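Now, the feature entries from Swiss-Prot:
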TRANSIT   1-14  transit peptide
ACT_SITE  Tyr69  active site, proton donor
BINDING   Asn143, 169-172, 192-194, 261-264, 286-288, Lys343  NADP(+) binding site
Amino acid sequence: MNSTRNIISLVRRYSTSRSVKIASHGSPSTALKIENENITDKISNKDVLVEMLHAPINPADLNIIQGTYGTNVQVGGVAGMEGVGVVKKVGSGVTGLKENDLVVPSMKQHFGSWRSKGVWSEQQLFKVPSDIPTEYLSTISINPTTAYLLLNDFVKLQQGDVIIQNASNSMVGLSVIQLAKARGIKTINVIRDGSEFEDNVQRLKQLGGDIVVSEEYVRTPAFRKLISDLPSPKLALNAVGGQSATELSRILADNGTLVTYGGMSREPVTIPTSQLIFRNIQIRGFWLNKWFEQHTDSEKQSVYDAIFDLIRKKQFKLLIEKHKFSEFDQALLKSQQSGHGRKIVLDLQL
């Protein structure tokens, strides 16, 4: 009888978690492996057992797998920078969280969100409200937060001001459009030409983009005429680099600021000397990981609250395409295809 109780007790202490691990650094299609592992319910006093609900596949996740990101995740680590989960159990020393709370990563270090269940310390988790859709919460830490900080941390923008950005149909770009619209800031949005160009133009304008043009059109006199009635942009947001970044700098107002937060073209940001000397164009860089390292939880909460408020007012939405965790390979492939205009989010319980 006692042995039977021990077996039952043992079964109750363990559950299986499926996770996506980095087997090697290289192409995401070959560098990952899916494993099942046992997760114990017996956790230390400062730890929290979390059942993960959703996690997106971000470009930064793919860069980490490739070994080309600014931070390195060791081989054998679980992939995924952000996501959302529900607290299932807390250690005796945990004071800020309780069962059934929703949590996202604190973003102080790599999280490893592509798993169905995991144990983290309380300091690695950040509580979020339950009235926001969980698929939205899973993406809040990176793209919307980046967009918010780009609009707030570099130039003092007021209603009626103008900004210009490339990669405008990225998730950061779509977030910038909506956050700017909510503040009465006009956006000039540059996107790549291609078979989905007209669909992307329609999508961006529906979200509030004022002007949407192709990379090629920006270089024409017709573009200058198109924007001639607008104030010159005070801020340019660059996620591409190369010639695209150069063109953004030429459109900026004198004393304007070009902020680079990505390099999709893998080409250097090259600004003509005349832009620096005669027009005092400011060149800045932004890396979200560094921002999280240097700012407090209270400052992070303020950013999240501002975004949550717009979501509640239906002034901000995320274009999301959900995929079952059991169909991870298809989701990974879709995330690497350009032009679909939606964030791929894993449903980690399916």
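Along the chain as shown, residues are numbered 1 onward.
Glycine is no exception: its Cβ is also placed from the backbone N, Cα and C atoms.
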In DSSP terms, helix, strand or coil for Asn143 (NADP(+) binding site)?
helix
Count of other CB atoms lying within 10 Å of the CB belonging to Val172 (NADP(+) binding site):
24
Residue among the recorded positions Tyr69, Ser170, Asp193, Tyr261 whose Cβ has the most other Cβ atoms within 10 Å:
Ser170
